[in-house]
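Per TrEMBL, these features apply:
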- 1-19: signal peptide (SIGNAL)
- 141-220: domain 'Ig-like' (DOMAIN)
- 240-321: domain 'Ig-like' (DOMAIN)
- 326-410: domain 'Ig-like' (DOMAIN)
- 510-533: transmembrane segment (TRANSMEM)
- 557-582: region 'Disordered' (REGION)
- 569-582: compositional bias 'Basic and acidic residues' (COMPBIAS)
Amino acid sequence: MKAAGALLTVGILFGGTLGGPWSAWMPQTIVAFEGTCVAIPCRFDYPDELRPSAVHGIWYFNSPYPRNYPPVVYKSRTSIVHESFQGRTRLLGDLQAHNCSLQLSRLSPELAGKYFFRGDLGGYNQYTYSEHSNLEIVNKPTIVPPVAVVVGTEAELRCVVPDNCPTMKPVVSWLNHEALGGQAVFGQLEEESGTWSQVSLLKFQPLRENDRHELGCQVTFPNTTFLFEAFATLDVKYVPRILQVNSSLEITEGSDVALVCVADSNPLALLAWFKEEAVLREEPSTNLTLELDNVTHAHDGIYTCVAENVYGRVNRSLALTVMYAPRKPSVNSSVVVVEGEQVTILCTTESNPEPIITIFKEKQIVATVVYESELLLEIPAVTHEDDGEYWCVAENQYGQRGSAFNLTVEFAPIILMESKCTAARDTVQCVCAVLANPEPVISFELPTRNVTVNETDQEFVYSQKTGYTVTSILTLRGEPDSQLFIVCSARNLYGTKNQQLQFHHSNNLMWAKVGPVGAVVAFAILIAAVCYVSQTRKKKNVNENSSFVQLEHPPVAYSGEYRPPGALDKSESKEICSLESH
């Protein structure tokens with residue numbers, strides 16, 4: 001039945017006539033499995049004027065010229081053929097009908113080659129046609145893969161099996177295809193240039209996991225032991241996928257870190273590390289490591305690994321958090337304000353995590369914030385007590401930094417409580433301690449005597465300064481009168497302050513011991529001192545109204561002796577300043 005089908009096919013191919021001069025047709029190439037058979041379709045023609053009574057033919061192997069004595073494959077006149085072809089050949093066609101089709105059986109590798117047909121019409125009418133057929137003998141089918149097997153698109157593999165043997169029909173099946181998704185197998189018969197092939201189509205939906213998977217096509221022939229197999233490895237193309245990348249990291253400033261990205265792709269992907277929009281490193285690879293040495297807070301940010309090939313692009317990001325101690329706080333430059341004004345001081349820093357910021361003054365906490373990067377200190381109405389050096393200190397678990405700044409407050413004089421007069425047996429010492437900024441001018445006034453003394457009178461007044469505190473000391477020798485009082489006056493550009501100084505005695509019983517007479521003497525000494533000052537200024541030609549004037553009518557009579565440094569004795573004093581008592 002199969003042989004009849006093959007002969008029918010040959011008959012269909014050559015049902016017409018070629019006509020014309022010497023000519024022939026046969027497939028240029030024909031393929032058959034080793035051990036099976038092959039039918040070479042052939043059609044020939046000769047000039048119309050030749051009318052032979054009989055037509056014979058000869059098939060030669062690998063040469064068309066009889067003089068070269070090529071192996072005879074088949075000869076219609078006799079059964080004499082080359083030993084290699086004995087019992088292996090027979091003519092399928094009818095030479096009288098111009099059909100020269102030849103069948104070869106029990107094919108072996110040495111039979112592969114070129115086959116030529118020679119027409120023999122009798123006498124000299126013999127002609128070897130240049131057209132020939134090349135027989136290929138194979139031992140496995142041909143698997144034809146698609147141009148590309150891409151994930152997400154249907155793939156089709158073809159297994160092509162030659163089917164040119166009329167008496168043997170191949171059976172085709174696929175091997176190792178069970179793991180493929182959406183698989184389906186179809187069969188079809190294809191003809192090309194007079195040769196036939198059975199084609200088995202394997203369609204499926206490729207997955208990443210199918211890459212490098214081996215598929216097989218198997219060919220068998222019923223009632224034989226023939227078995228032919230071919231294998232192909234799938235080359236599945238797919239979008240890259242990132243298999244491994246670091247998780248988000250928290251590291252300490254100064255550490256070293258390696259960011260690793262491992263990707264799977266086909267074809268090989270271009271891997272790149274980005275920080276924000278900047279490319280830090282890239283190369284075609286399956287893994288890419290980014291080394292960061294001695295990291296600083298500048299390395300803090302989002303890092304992204306990107307993998308890209310012609311089929312797509314994927315990325316994976318991570319956060320690199322650099323933990324570091326606060327930077328040196330930035331504060332307002334030192335400020336100068338007037339008492340009562342508003343003051344705003346901003347202290348800022350950078351750190352990770354956010355710090356605790358504290359402003360200190362003399363180790364006392366003035367203001368603080370927790371887990372913030374700035375601290376705003378506001379003083380609605382500054383006082384002189386706010387003056388001084390401040391420290392802004394920022395601290396977290398990785399360290400501490402601080403910055404100092406000064407707040408300078410300018411204010412009117414303040415006479416301190418320690419300002420007083422102390423009277424001893426023969427000395428009166430008055431202390432006036434004044435707190436002020438800028439530095440004040442301090443003077444001592446004796447209102448009842450219309451006398452003013454300041455530090456220019458170095459014989460009586462001595463001043464010293466400590467910080468914003470100025471201390472002036474007035475020293476008079478002699479025992480004071482109980483009615484004497486002294487006023488301390490301090491002034492600067494922000495105001496003037498006057499305060500009567502209280503008398504404190506070194507011995508509460510002093511006046512009792514001295515008695516009335518002693519008191520009169522002491523007061524006389526004080527008046528003598530005032531006169532001495534007045535006369536001294538007159539000698540210096542100070543003609544303006546002076547704070548030091550001679551008292552014409554002191555309220556209390558006095559007696560005694562006044563001897564400041566370089567003073568005269570009692571008789572000489574009377575000559576300089578003559579006082580009357582009433």
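Residue numbers in this text run from 1 along the chain shown.
From the backbone N, Cα and C atoms, a Cβ is placed for every residue, glycine too.
If you take every residue in the domain 'Ig-like' (326-410) and average the pLDDT, you get 94. Sorting each residue of the domain 'Ig-like' (326-410) by its DSSP state yields 3 helix, 53 strand, 29 coil.
Each residue of the domain 'Ig-like' (240-321) gets a DSSP state, and the totals for helix, strand and coil are 3 helix, 58 strand, 21 coil.
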